[in-house]
Amino acid sequence: MLPARIAVVGAGPAGLFAAADLVRRSDVVVDVIDRVPAPFGLVRYGVAPDHPKIKSVVRSLQRALEHDRVRFVGNVEYGRDVDRAFLDLHYDATIFATGALNSRPLGVAGEDLPGSCSASDFVSWYNGHPDAVRMFVLDSQAAAVVGAGNVALDIARLLTRQVGALALTDVPSAVLEAFAASTVRDVHILCRRGAAQTKFTTKELLDLRELRGVGVLVDPEELRDVPAGTGGPVMPNAEVFRTWAADRVAQQAAPHRIHFHFWSRPAAIEGVERVEALRVERTKLDEEGAAQGTGEFRALDVGLVLSSVGYRSNPLPGLPYDPVRGILPNVSGRVVDDRGTHLSGQYVTGWLKRGPQGVIGTNKADAAETVTAVLEDLLHPHARSAGAVDDALTALGAEVIDYVGWQRIDAQEVLRGQASSRDRAKISDWAELRAIGAGRSV
């Protein structure tokens, strides 16, 4: 009798933690399906390239794919190549782990002007995701980043960091050239609430101190509402901001500057043929602690606006969706319909399960909860063999890039990086990734 076969849709941290836990706790076999020929999801395409320590988690994720009961099924997309009926036929259960890919819109006039884009588009571009839809030209003197989380800090850091430091990272060559030609000197970070309410991690804030030639400007007046001291989880951030506010003159003299604007939200993006300015409204907290406008406006002269105000997951064909939370509705990882009934064989983990919360490691406990549900429900395995799955995918016209194919891509990226004294240079073209992965090109 064949062992149970589980499909995991999504080869990022959430999916790979689930795969590793499945084979550790049972004798099932696992196919990890991903639409991209390269695994690792957010770690490869979301973590900033100048954070190699965080990217080192790839080594532990890689071990999951190298297990003899785990297969990588890359270049296969749910909703395009396979659907729920296909997965139900060939697998005993499916765990969906496709993450939260879409940036939430700002919802202001002018958001569609050239020079205005989402953080997810910008991050995809500098991280070499093959979906990146544009080549950014960084030809303005100033940029604005809307958002008070770590992604906003990543963007500000990369826009002001000396290009020599980026030259040691794995960014695609074209991205490196764009940063080298950048004329951006000032980056404005807009936070709709105060310094004490920001969601930056203190470590990420302190990383800004290490940037050579970059000043960080904070208006002391915007810290007057923050009590002194370091008690409570948010206070360390406020203390970091105070050190910058006390050193404002020296920070202003730096050739590149990052400006923090608290109690500020975008009201409109202005310009004729492209972004020319960002209209900003002063905010305050209402009785329920939410930020509301005060009717006091000012303008920032910027040529680039990047919105980083949160992420949400895409609906998946054939599955329920909670449009308010942007997740698959579930109970402890079991996907449920609008009546709360578990859809047999359907499970979820990661940001698609709980929303965009937590760090990479948060996904491990989250995946364990889902795996427990899968194993509790796994009573009568019916799955097909690996060969039957492969034959069915071939019949559907899918070109599978397996783990050996990924190793070809990996080796080619390392080889290209060596030519410029880097660990690797990412390949970001769909056709090239597929050709190398399939062994048609090197």
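Cβ atoms are placed via backbone N, Cα and C, with glycine included.
The feature FAD binding site is assigned by TrEMBL to A14, L42, W351, G358, V359, I360. Long-range Cβ contacts of W351 (FAD binding site) within its own chain (separation 6+, distance under 8 Å): A14, G99, A100, Y311, S313, I327, Q357. DSSP classifies W351 (FAD binding site) as helix under the three-state reduction.
According to TrEMBL, the NADP(+) binding site annotation covers R192, R193, E204, G358. Within 10 Å of the C-beta of G358 (FAD binding site) there are 13 other C-beta atoms, taking all protein chains into account.
Sequence annotations record features per position, and here TrEMBL assigns domain 'FAD/NAD(P)-binding' to 5-174. Along the domain 'FAD/NAD(P)-binding' (5-174), the predicted structure has mean pLDDT 94.
Considering only the binding-site residues A14, L42, V359, I360, the Cβ with the fewest other Cβ atoms within 10 Å is that of V359. Its own atom aside, the Cβ of E204 (NADP(+) binding site) has 18 Cβ atoms within 10 angstroms in the protein chains shown.
Counting every protein chain shown, the number of other Cβ atoms lying within 10 Å of the Cβ of R192 (NADP(+) binding site) is 23.
Under 8 Å, Cβ to Cβ, and six or more positions away along its own chain, R193 (NADP(+) binding site) finds A148, F262, W263, T283, L285, A291. Counting in whole angstrom, E204 (NADP(+) binding site) lies 18 from L42 (FAD binding site) by their C-alpha atoms. R192 (NADP(+) binding site) and G358 (FAD binding site) have their C-alpha atoms 21 Å apart, to the nearest angstrom.
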